[in-house]
Amino acid sequence: MATASLKKNYRCVPSLEQFYTGGPFTVSSDGSFLVCACDDKIKIVDSSNASIKGTIEGDSELVTALILSPDDKLLFSASHSRQIRVWDLSTFKCLRSWKGHEGPVMGMACDASGGLLATAGADRKVLVWDVDGGFCTHYFKGHKGIVTSILFHPDPNHLLLFSGSDDATVRVWDLVSKKSVAVLEKHFSRVTSLAVSENGWTLLSAGRDKVVNFWDLRNYSFKMTVPTYEMLETVRVIHPGTHFAVLLGLNETSSVKKKKSGSPPVYFLTVGERGVVRIWNSEGAMCLFEQGSSDAAVSSDKDEVKRGFTAAVMLPLDQGLLCVTADQQFLFYSLMQSQEDAFSLNLSKRLVGYNEEIVDMKFLGEEEQFLAVATNLEQVRVYDLASMSCSYVLAGHSDTVLCLDTCVSSSGKTLIVTGSKDNSVRLWEQESRCCIGLGTGHMGAVGAVAFSKKQRNFIVSGSSDRTLKVWSLDGLQEDGNQVINLRAKAVVAAHDKDINSLAVAPNDNLVCSGSQDRTACVWRLPDLVSVVVLKGHKRGIWSVEFSPVDQCVITASGDKTVKIWAISDGSCLKTFEGHTSSVLRVSFVTRGTQFVSCGADGLVKLWTVKTNECIATYDQHEDKVWALAVGKKTEMLATGGGDAVVNLWHDSTAEEKEEAFRREEEGVLKGQELENAVSDADYTKAIQIAFELRRPHKLFDLFSELCRSKHSENQVEKALLALGKDEIHQLFEYVREWNTKPKLCHVAQFVLFRVFNILPPTEIIEIKGINELLEGLIPYSQRHFSRIDRLIRSTLLLDYTLHGMSVIEPETDGRASNGDSLLRSDDKEANEEPFPENITIEHTDIPTEMTQVSSKKRKSGKSREGRKMKVRKGEFVEASAISLEAS
């Protein structure tokens, strides 16, 4: 058998993230994305696969209201801080914000033009704002309770605003006269939703009093009441011409009714506490359609409040219906019509906004295209990895599901076994999505379950009652719809504390159990006879697994270590240390030559067994990583934990090796191109390539050559203008390093001078992270300039000395400075013609002692009159004076 190549790295794909924690949400005008409140943040979510397109950071207060402008360009939000904010969805930046209410904003509505925003507050007030100006245009008060719902009249010709409140009233506000024109009082509980009919003359109001009231907007009179017998959260009018109306055949019936009564009937749908969609006809208060069963999660009997739908939205462009459940699920329904012309709603997609704490996961199916996830709920959610939508839910347990395992039976059926806090074990069949087996008998929560690996004819379960049970699957009918009670073949009191993990050997001969009593025990199947006890961990054992190729067991413990044990004598073969907290899961990969571990420190680590080396460490979770699933075929990983995030990990070893080879090949070609550009003196191209290759030393050499060249300004300017913002940022990083070294600082200052001359300050400030780089440049630049100032001041001592000796005198005609004249005399000293013999120089001003000192310092033995020099307007001194100057 060929040896499997070791894995070097995994690439993480955040596939399932928390994006909705309940509360406000809104849907775009084309239905392509959702905007959801997630604690104090706002998530922009792709409605096709639940991927997060963007996150808007809030103000650390819970979001209470959200609404989109009609063109989806602006988002309006409010939180418990009472701050109303306007966001630009293209940049996720806050355009303006203001405060107006004395309490939290509970609802928002935007008019059809997008120019007005209405807000309903817990302070019993309704305010209307000018979106562009941010000022209040209307101030309405009159409600005696919290304003819970608000709605503009959809017809721009009717400048009306409707608001519903906790005081069981609906108020109609005239935006022209800025007054309340009607108070509609027929409800006996909170008004939760408002809607306007197609013709614009009927207002529908739904409430917690289990009715929908109809109001005539011509004279604001009460028309009728439709009893629904459930507390309602949303009412929506079905408009003629939509896909809903066509499938229900409402267009024909409405025209007939209109001829008889003069006004067409109103068709509407309602959702509420029962978690079903119902469609009604206002004529006769008839229910035209009702879902047979609820797709919302079924709650346990101990819950006081039933879980149902909290909102419903009719998606645009005839995309169907979106319903939101109380447990943060988005259910997308498509409209179906059977051959018998029966109307039905088909659940096409389920997006889960919040998974709570993920405790266990396993891949499903032959192709491993599904992922079963157990969270702190009574259900198991099965996700389709292609779209990351929840395909279905396995509901049957009455308490939290703690563990699960999967296998493919001999008949090709995919089976799932789950253990729960309700002390039971349940067996599920994936295709029928039904429970086909139930195992009862444990006296405590079932914390570990494991399928048979070879025969697949039994299940092992471990419980907090410290016992192991082996459940037989013989005689189980996988196609049956009835739940069969599983029979326990063997039971043993295995440990002194709770059992946390189980693993069955590949040949089905052994099972290993890990417990909170710091030991792992190996048992012989099927009679659960003790084989060996593995002792050595200092804390409880959270995970155990058999090696797929060797006679050994790997264990993960709360003492931050992973150990490998020999089954033959129970000796510890290897210990792996590296986690900073409890190791919660461990699993073999690469045919047992490597393993993956994850822990309470939020880290996922890849290890090599032979070398005891941790090859890679990944920090993609913000909380404990409780769940680890490994695909048998692809060895793809899935991890989940307390942060409610599911990460998928793909082996990227081959891809990275190929990418490294490709980069090396491109580097060689680019390096040759760089040398060619340097030889051709094409510094613009050479600098660009040096940036691409990330070669700061070569870049320094290029700038050094440009610094020394006479006509370098144009080439430097051309090279710098060709750089992007990222490259400018990289250049500043290099210059910061060069500026710290005296030998390199002159080039650094040269580059800085050119950059600040070419680029305007406004562009430099826009570069991300530039403030930190400039802070690192300023101190060393000041030090360099201070050193130059000291050098300049020290040169003045020479001028002072020569002035004191009367060797040089100040300029009288302003043609040149003393220093410049002196330098010119030094440069031309070798080319000076001999002085004329008839010119004599008086030396009365030069003391004799100074002449003697000068003679001692003179190296040559020439006479004082041997050489003469011209200084300042034809004045001449002897060579001794120049010798003194040089000394």
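Glycine is no exception: its Cβ is also placed from the backbone N, Cα and C atoms.
Summarising the annotation, TrEMBL assigns repeat 'WD' to 56-97 (among others). Residues of the same chain lying 6 or more positions beyond the ends of the repeat 'WD' (56-97) and with a Cβ under 8 Å from any Cβ of it are 23-30, 35-44, 103-110, 112-114, 117, 119, 129, 131, 134.
Among the features that TrEMBL reports, repeat 'WD' is placed at 98-132 (among others). Only residues 6 or more beyond the boundaries of the repeat 'WD' (98-132), in the same chain, are considered here, and those with a CB under 8 A from a CB of the stretch are 64-71, 74, 76, 78-80, 82-84, 86, 138-141, 143-152, 154, 156, 161, 163, 165, 171, 173, 175.
Under the heading repeat 'WD', TrEMBL lists 140-183 (among others). Remote same-chain partners of the repeat 'WD' (140-183), defined as residues 6 or more beyond its termini with a Cβ less than 8 Å from a stretch Cβ, comprise 106-113, 116, 118-122, 124-128, 189-196, 200, 203, 205, 207, 209, 215, 217, 220.
Taking H, G and I as helix, E and B as strand and the rest as coil, DSSP gives the repeat 'WD' (184-225) the counts 0 helix, 24 strand, 18 coil. The repeat 'WD' feature in TrEMBL is assigned to 184-225 (among others).
Sequence-distant contacts of the repeat 'WD' (394-429) (same chain, at least 6 residues past either end, Cβ-Cβ under 8 Å): 297-298, 300-301, 359-366, 372, 374-382, 435-440, 442-453, 456, 459, 461, 463, 469, 471, 473, 476, 478-479, 486. If you look up TrEMBL, you'll see 394-429 (among others) marked as repeat 'WD'.
The repeat 'WD' annotation in TrEMBL covers 439-474 (among others). Long-range contacts of the repeat 'WD' (439-474) within its own chain (CB-CB distance under 8 A, at least 6 residues past either end) are made by residues 399, 402-410, 415, 417-427, 485-508, 511, 513, 515, 523, 525-526, 528.
Long-range contacts of the repeat 'WD' (492-525) within the same chain, counting only residues at least 6 positions beyond its ends with a Cβ under 8 Å from a Cβ of the stretch, are 444, 447-455, 458, 460-464, 466-468, 470, 531-535, 537-546, 548, 553, 555, 557, 565, 567, 570. Marked as repeat 'WD' by TrEMBL: 492-525 (among others).
Summarising the annotation, TrEMBL assigns repeat 'WD' to 534-575 (among others). Under 8 Å from some Cβ of the repeat 'WD' (534-575) lie the Cβ atoms of residues 497, 500-506, 510, 512-522, 581-588, 591-592, 595, 597, 599, 607, 609, 612, all in the same chain and six or more residues away from its ends.
Listed as Cβ neighbours of the repeat 'WD' (576-617) (distance under 8 Å, sequence separation of 6 or more from its ends, same chain) are residues 3-10, 539, 542-543, 545, 547-550, 554-564, 623-628, 630, 635, 637, 639, 641, 643, 649. Residues annotated as repeat 'WD' in TrEMBL: 576-617 (among others).
The repeat 'WD' annotation in TrEMBL covers 618-659 (among others). Outside the repeat 'WD' (618-659), and at least 6 residues removed from its termini, the chain residues within Cβ reach (under 8 Å) are 5-18, 354-363, 367-368, 371, 373-375, 383, 385, 584-590, 596, 598-600, 602-606.
What TrEMBL lists as domain 'U3 small nucleolar RNA-associated protein 13 C-terminal' is 672-805.
What TrEMBL records for 810-872 is region 'Disordered'.
The feature compositional bias 'Basic and acidic residues' is assigned by TrEMBL to 862-872.
With a cut-off of 8 Å between Cβ atoms, the residues of this chain six or more beyond the repeat 'WD' (184-225) that come close are 145, 148-151, 153-155, 158, 160, 162, 164-166, 168-172, 231-237, 239-240, 263-264, 266, 268, 270, 280, 282, 285.
Taking DSSP states H, G and I as helix and E and B as strand, the repeat 'WD' (140-183) has 0 helix, 24 strand, 20 coil.
Within the repeat 'WD' (576-617), the DSSP-based counts of helix, strand and coil residues read 0 helix, 25 strand, 17 coil. Across the repeat 'WD' (618-659), mean pLDDT in this model comes to 89. When DSSP labels each residue, the repeat 'WD' (394-429) comes out as 0 helix, 23 strand, 13 coil, counted as helix, strand and coil in that order.
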